[in-house]
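This report refers to the structure that appears directly beneath it.
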Amino acid sequence: FGSLLGICLMTQIITGLLLAMHYTADTTLAFTSVAHMCRNVQFGWLIRNLHANGASFFFICIYLHIGRGLYYGSYLYKETWNIGVILLLTLMATAFVGYVLPWGQMSFWGATVITNLFSAIPYIGQTLVEWAWGGFSVDNPTLTRFFALHFLLHFIIAGLTFIHLTLLHETGSNNPLGISSNCDKIPFHPYFSTKDALGFILLLFPLMTLAMFSPNLLGDPENFTPANPLVTPPHIKPEWYFLFAYAILRSIPNKLGGVLALAASVLILLLIPLLHTSKQRTMTFRPLSQFLFWTLVMNLLILTWIGS
């Protein structure tokens, strides 16, 4: 899945760059500029749909990648794992600020709700939020800085990916038995190149299918309405890939407690390497650990379902 994440990143950067050329980061024009892009720019609709749904595929790949890392004990490469967690956090930040850019209803209210969570931090919270907003509500300054951040964060992700790969290169990759791969080393081309090419096709085919046939399947219909600070949508919810965290946030009646639980749900990944006590690296021959792992997976799926 690592190679698929690489192709996702490249696709997102290319489509995003083309979109940025036609986008206007201004509250009065953002929504219209996106509409103009889809109507009047050559293949603009396709580029936009690929970029929007590409994010979904990016998250599918990264969740599978993390799941596989947990299953096969890859987190014992501590440096690689920790950079990976930082990559996940950066990706989540990027997806969040990117979702605000079309300036629809859900963009605006999603931004309002999530940035507001910073106000739960004692003492400095309120100041922090107003500083992030650039005013007393989500407005033009917020949109312009979110566009700048969205543009910047992709290159940060690309840089971190390079570090991630360099650290992995120090040790070599893991395998399902958790033993040394030295005796199994084979030439990259034609073996791995073919395997990767197949992966790319299996990734890009469903992405193209989704972008062509039902591009709005995963989006929120509220986002077809331009942002209106005076009308709150009946159900404020993020894109599907954040629903598990959002469900955790909403299920705790205390604001600070919810924020901490939300942060912990992702940051717990940093503790995983410290919690490994087995003599075996992978879960291949550990049925009890397997049971717990699949329970975790089901938990995440149920939380995602509840969150919607």
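From the backbone N, Cα and C atoms, a Cβ is placed for every residue, glycine too.
The transmembrane segment annotation in Swiss-Prot covers 1-21 (among others), and the record cites similarity to another entry as its basis.
Per Swiss-Prot, the feature transmembrane segment maps to 45-66 (among others); the stated evidence is similarity to another entry.
A simple way to gauge crowding: the CB of His150 (heme b b562 binding site) has 22 other CB atoms within 10 angstroms, across all the protein chains here. Per Swiss-Prot, heme b b562 binding site is recorded for His51, His150.
For His164 (heme b b566 binding site), other Cβ atoms within 10 Å of its Cβ number 21. According to Swiss-Prot, the feature heme b b566 binding site maps to His65, His164, an assignment based on similarity to another entry.
The transmembrane segment annotation in Swiss-Prot covers 81-101 (among others) and rests on similarity to another entry.
Taken from Swiss-Prot, the feature transmembrane segment covers 146-166 (among others).
Around His169 (ubiquinone binding site), there are no C-beta neighbours below 8 angstroms that are at least 6 residues distant in the chain. Feature annotation from Swiss-Prot assigns ubiquinone binding site to His169; the stated evidence is similarity to another entry.
Long-range contacts of the transmembrane segment (194-214) within the same chain, counting only residues at least 6 positions beyond its ends with a Cβ under 8 Å from a Cβ of the stretch, are 3-4, 7-8, 11, 46, 49-50, 53-54, 56-57, 61. The annotation transmembrane segment is assigned in Swiss-Prot to 194-214 (among others).
The feature transmembrane segment is assigned by Swiss-Prot to 256-276 (among others), with similarity to another entry given as support. Same-chain residues lying 6+ beyond the ends of the transmembrane segment (256-276) with a Cβ under 8 Å from its Cβ atoms: 66, 70, 73, 75-76, 78, 81-82, 85, 88-89, 92, 117, 120-122, 244-246, 248-250.
What Swiss-Prot records for 288-308 (among others) is transmembrane segment, and it gives similarity to another entry as the kind of evidence. Long-range neighbours of the transmembrane segment (288-308) within the same chain, counting only residues 6 or more positions beyond its ends whose Cβ lies under 8 Å from a Cβ of the stretch, are 63, 67, 70-71, 237, 240, 243-244, 246-248, 250, 278.
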Quiz item: Where else in the chain does the transmembrane segment (146-166) make close Cβ contacts, counting only residues six or more beyond its ends and a cut-off under 8 Å?
Solution: 5-6, 9, 12-13, 16, 20, 23, 25, 80, 83-84, 86-87, 90-91, 93-94, 97-98, 100-101, 111
Exercise. Give me the non-local Cβ neighbours of His65 (heme b b566 binding site): same chain, 6+ apart in sequence, Cβ-Cβ under 8 Å, ordered along the sequence.
Key: Phe1, Gly2, Leu5
Exercise. Could you say whether, by DSSP, His150 (heme b b562 binding site) belongs to a helix, a strand or a coil region?
Key: helix
Quiz item: What is the interatomic distance between the Cα atoms of His150 (heme b b562 binding site) and His164 (heme b b566 binding site), given in whole Å?
Solution: 21
